[in-house]
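Engineer: One structure, as structure tokens, below. Some questions next.
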């Protein structure tokens with residue numbers, strides 16, 4: 001096993017252990033407390049909160065993926081080609097909306113709680129996936145798409161059998177970006193009462209308890225790094241399988 | 001429907017055919033026309049009463065606005081020249097902007113200082129529909145960078161004129177502003193200082209670090225990995241984690257407190273934003289330098305340029321557009337992220353957003369969110385134009 | 001004069017250039033030919049210290065280049081490469097002015113030199129000076145690349161596959177231009193190529209390299225007639241030998257007295273062209289014209305004798 005993977009395994013096991021038995025780590029976290037503050041978050045199970053956090057991110061990313069890939073497919077077909085330039089500009093403009101603003105503006109329509117967070121994560125997650133799917137579908141090697149036409153594949157067959165499989169690693173890179181952004185952005189959801197790890201961090205900020213801020217931040221950071229690495233590995237595998245390791249994107 | 005179906009309609013004039021985007025815009029506009037144009041509330045936090053297009057304005061202006069909207073929809077629907085669509089889009093947007101102000105004055109009872117009128121879902125949808133038309137037209141026209149900046153300036157001037165003329169003064173968001181004007185400008189200054197200050201520091205430090213990583217290969221993977229991990233820490237956590245070390249610095253390092261360093265407030269926010277900015281700037285510097293054509297570097301060496309001459313005369317100028325793209329990403333991102341600074345007492349427009357969330361006062365949220373989005377948008381337009389202006393020599397069309 | 005003396009270059013155990021000794025006479029064109037990986041480019045790049053030799057010495061006009069700072073040496077030696085290596089962010093004029101600027105020439109002198117060189121390479125200064133490289137055609141970019149290499153009037157010009165990216169018609173024109181310029185300035189040129197045809201056409205001497213070793217260095221006629229190794233013979237192409245030999249001489253040098261009718265051939269044409277024309281038209285001899293006057297004939301019999309292996 002490569003040293004990198006050993007480190008990842010150790011980090012993963014430590015994370016699981018911490019979530020299951022946080023009190024084992026209270027010695028470490030009490031280094032960051034003052035005046036006998038609790039060292040471990042005590043207003044709910046860290047495991048539950050983490051699973052809820054992951055659930056929100058997963059649901060939002062799944063929805064973003066379906067819609068973004070679908071939209072990208074539509075605008076790259078002859079039927080939707082008219083919308084291609086506009087969709088590019090919109091994706092570009094969409095990135096100028098800060099997540100907090102999206103979150104805050106979703107509250108009047110959806111009330112407090114998980115719903116506005118889901119919507120904000122969904123909207124914010126759309127952009128990287130949409131952009132990468134576009135890149136993937138429009139930057140295919142022309143020789144391959146030509147050959148697919150040449151052997152007499154229909155538009156659908158080309159999409160399903162050639163274009164999407166070849167674009168898959170690039171699309172996956174978009175999903176990876178989207179997941180990492182969402183993992184961090186979901187913490188902000190706690191400002192509108194969503195049950196995410198932001199709750200732990202905000203509790204720490206309100207009571208000046210650095211231990212809470214640190215454990216909330218560490219769990220999110222470690223999750224992000226592990227998921228990022230896992231998805232990167234999957235991309236490399238897919239790239240190698242389709243023999244296009246050279247044209248990595250994003 | 002295929003291209004062939006529309007192409008053989010030669011007997012009709014070219015504009016007399018349906019535009020697909022126009023259909024979408026017409027549908028959104030129709031939904032916008034049905035939904036309430038404005039919301040009336042007796043005071044700041046009660047539930048609003050929806051007012052339709054017909055109720056929100058006196059009969060003549062109401063008819064006029066409906067007429068303008070209809071003309072706009074027809075121009076969007078048919079295949080008119082793109083410039084005509086752009087002009088129509090801007091005209092309808094201007095009409096919407098003017099009439100929402102009129103509506104607010106009309107709906108507010110004389111002398112009632114508690115009543116609030118805010119734009120309704122219908123207004124936002126109409127605004128979105130015609131913003132789509134304008135965006136599409138601008139994208140298709142591919143204006144030169146300087147013209148794009150000129151259009152941006154013109155739009156800003158038009159909005160400034162509307163604000164200055166007082167025709168929006170009855171809108172709820174401006175009523176929120178009126179009670180907080182000094183705070184608004186103070187938080188605005190803080191917001192700009194946080195966003196631009198952090199990017200400026202990150203640029204000054206990030207570019208040399210990027211050059212170093214490019215020249216010293218073994219350094220590259222390590223530095224980029226560390227910066228990558230910093231990016232995964234959620235912003236509120238990073239802001240929070242910097243409180244303790246900065247408090248320690250303020251307490252233990254002589255002079256630190258005098259230059260404004262303290263545990264809470266702007267200092268941890270600035271440091272956190274700076275930390276987030278480093279990765280895009282450093283990695284874009286490395287990528288930009290790596291993408292300089294090997295032939296140009298070989299020629300530069302072969303003609304007797306020293307390492308320093310090569311860096312300043314060939315490598316950095318050629319990498320500059322990529323570096324600037326990194327700065328653009330970071331600036332837009334930090335203008336948005338600076339709102340989070342309010343959570344740790346760092347100030348900025350986020351103060352209004354979080355106060356608004358706390359009081360369920362959406363007008364207050366908008367008072368913080370609208371300028372943030374506008375700033376980020378303007379920064380994106382200006383920097384995109386600069387990137388294009390500086391990429392001379394590349395094959396970009 | 002460039003003296004390459006027992007030069008070796010090894011990269012982590014692999015020997016790229018293996019004990020090469022070669023003298024390049026002043027005011028001549030020396031073409032280094034070889035397949036890719038033969039070490040030809042590495043050998044050339046050691047002349048302007050883009051590559052440092054592992055052992056051995058290179059002397060230019062008797063001075064060991066090891067003692068000259070690399071950047072100073074390079075400013076004295078012109079350098080043109082495949083794909084031209086123009087700076088994409090600088091105008092044609094600024095590109096050509098690169099070395100004069102490094103050498104600290106004043107503005108007037110630099111501008112005059114740029115104007116002179118662009119005119120020499122048939123690029124109207126008024127039209128091309130302020131254009132960016134990507135607005136030029138491949139052939140024009142190549143000419144700017146060579147003009148830039150010659151900007152500071154170097155005595156030596158190094159060229160690495162300079163015509164590799166050009167199509168055959170433009171390449172032939174560029175080769176003629178290079179020969180004209182070499183005659184005009186008397187520059188010593190070291191040119192690297194994998195194309196034996198180009199080597200025979202341009203070279204006063206040809207150095208053939210394979211697997212880091214110098215196999216043979218001689219005049220083109222000598223290389224064609226007596227290839228030192230089977231590899232050199234293969235590079236020349238056995239079926240091409242007589243034609244390559246003919247391509248070295250001009251019709252003007254082999255005119256015989258006599259009157260024949262029919263379409264004449266120019267005295268400036270190569271014997272190879274004359275031979276092809278004889279075979280194609282099925283005639284035993286062709287009239288030769290010079291400045292519109294018929295000055296004699298060239299015969300198939302004479303050419304066949306010239307194409308035979310020299311004894």
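Numbering starts at 1 and runs along the chain as it is shown here.
Cβ atoms are placed via backbone N, Cα and C, with glycine included.
Pulled the feature table from TrEMBL, pasting it below:
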type	residues	note
DOMAIN	B:188-388	domain 'ABC transmembrane type-1'
TRANSMEM	B:21-40	transmembrane segment
TRANSMEM	B:60-80	transmembrane segment
TRANSMEM	B:87-107	transmembrane segment
TRANSMEM	B:113-134	transmembrane segment
TRANSMEM	B:146-164	transmembrane segment
TRANSMEM	B:192-214	transmembrane segment
TRANSMEM	B:226-247	transmembrane segment
TRANSMEM	B:259-279	transmembrane segment
TRANSMEM	B:311-331	transmembrane segment
TRANSMEM	B:337-357	transmembrane segment
TRANSMEM	B:364-387	transmembrane segment
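On this model, are these features tucked inside or out on the surface, and what's nearby?
Structural biologist: Counting only same-chain residues 6+ beyond the ends of the transmembrane segment (B:60-80), those with a CB under 8 A from a CB of the stretch are 14-19, 21-23, 25-26, 29, 33, 53-54, 88-89, 91-92, 95-96, 99, 102, 126, 129-130, 133.
Beyond its flanks by at least six residues, the transmembrane segment (B:113-134) meets 21, 24-26, 28-29, 31-44, 48, 50-53, 69, 72, 76, 85-86, 88-90, 92-93, 96, 100, 103-104, 107, 170-173, 175, 362-363 of its own chain at Cβ-Cβ distances under 8 Å.
Listed by sequence, the residues of this chain that lie at least six past the ends of the transmembrane segment (B:226-247) yet keep a Cβ under 8 A from its Cβ atoms are 261-264, 267-269, 271-272, 275-276, 278-279, 282-283, 337, 340-341, 343-344, 346.
Nonlocal intrachain contacts for the transmembrane segment (B:364-387), taken as residues 6+ away from its ends with a CB within less than 8 angstroms of a stretch CB, comprise 145-146, 148-149, 152, 156, 173, 176-177, 180, 184, 187-188, 191-192, 195, 321, 324-325, 327-328, 331-332, 335-336, 338-339, 349-357.
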Engineer: Restricting to CB pairs under 8 Å, which listed stretch, B:87-107, B:146-164, B:192-214, B:311-331, is in contact most with the transmembrane segment (B:337-357)?
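Structural biologist: Of the candidates B:87-107, B:146-164, B:192-214, B:311-331, B:192-214 scores highest.
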Engineer: If you count Cβ pairs under 8 Å, which stretch among B:146-164, B:192-214, B:311-331 touches the transmembrane segment (B:87-107) the most?
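Structural biologist: Per the Cβ count, the answer is B:146-164.
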Engineer: Under an 8 Å Cβ to Cβ limit, what residues of the same chain, 6 or more beyond the ends of the transmembrane segment (B:311-331), are close to it?
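Structural biologist: For the transmembrane segment (B:311-331), the far contacts come to 195-196, 199, 202-203, 206-207, 210-211, 276-277, 280-281, 283-285, 287-289, 291-293, 296-297, 300, 305, 379-380, 383-384, 386-387, 390-391, 393-394.
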Engineer: Within the same chain, where does the transmembrane segment (B:146-164) have neighbours whose Cβ lies under 8 angstroms from its own Cβ atoms, ignoring anything closer than 6 residues to its ends? I mean 6 or more beyond.
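Structural biologist: For the transmembrane segment (B:146-164), the far contacts come to 94, 97-98, 101, 138, 174, 378, 381-382, 384-385, 389.
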Engineer: Would you mind listing the long-range same-chain contacts of the transmembrane segment (B:192-214), meaning Cβ under 8 Å and 6+ residues beyond its ends?
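Structural biologist: Distant Cβ neighbours of the transmembrane segment (B:192-214) are 220, 223-224, 266, 269-270, 273-274, 276-278, 281-286, 289-290, 311, 316, 323, 326-327, 330-331, 334-335, 337-338, 341, 346-348, 375.
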